[in-house]
Amino acid sequence: MAPPAARLARVSRTVSFSACHRLHSKSLSDEENLKLFGKCNNPNGHGHNYKVIVTVHGEIDPVSGMVINLTDLKEYMQEAIMEPLDHKNLDKDVPYFAEVVSTTENVAVFIWENLKKLLPMGTLYKVKVYETDQNIVVYKGEETVSQK
């Protein structure tokens, strides 16, 4: 009897964090920032209750029956997401955003890069960030769009 074929699966885990930020680009004038970002350019900032869904993928281990131990994934997410971002002013407390506009797109990239350093190589599949119920960003590690 042949050994069973490897089975692939995706596993997701969710966390929520609260943070404030101000959408503001140093490359633009105050007037241009206000026009581009509107009320989100408020000099005093504004806050969100973000929800993040992290998805990993890989082979289901025949012994443990898991793609990843969820306790390990929880710890990785605590270190990569909660510790640097929860109850923070993204622009002032997170060095990454000193030079990068703290849009949800860039928050997703930040989380991806942090998780990639912690997770087993090749297992991170997707980071999905809900800024609100209506505004959602999905990032899968893409760096550039090819030019035509």
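Each Cβ is built from the backbone N, Cα and C atoms, and glycine gets one as well.
For reference, TrEMBL has these:
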BINDING   H21, H46, H48  Zn(2+) binding site
ACT_SITE  C40  active site, proton acceptor
ACT_SITE  H87  active site, charge relay system
ACT_SITE  E131  active site, charge relay system
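Shown in sequence order, A19, C20, R22, C40, G45, G47, L90, S102, E131 are the same-chain residues outside H21, H46, H48 whose Cβ sits within 8 Å of the Cβ centre of the Zn(2+) site. Closest in space to H46 (Zn(2+) binding site), of the active-site residues given as C40, H87, E131, is C40, taking the CA atom of each residue. Each of the active-site residues H87, E131 was scored by the other Cβ atoms within 10 Å of its Cβ; the lowest score goes to H87. All protein chains included, H46 (Zn(2+) binding site) registers 12 other Cβ atoms within 10 Å of its own Cβ. Across the fold, the C-alpha of H48 (Zn(2+) binding site) and the C-alpha of H87 (active site, charge relay system) stand 10 Å from each other. For the residue listed as 'active site, proton acceptor', the number of other Cβ atoms no farther than 10 Å from its own Cβ, over all displayed protein chains, is 16. H87 (active site, charge relay system) and H21 (Zn(2+) binding site) have their C-alpha atoms 11 Å apart, to the nearest angstrom. Remark: of the binding-site residues H21, H48, the most isolated position is H48 (fewest other Cβ atoms within 10 Å of its Cβ).
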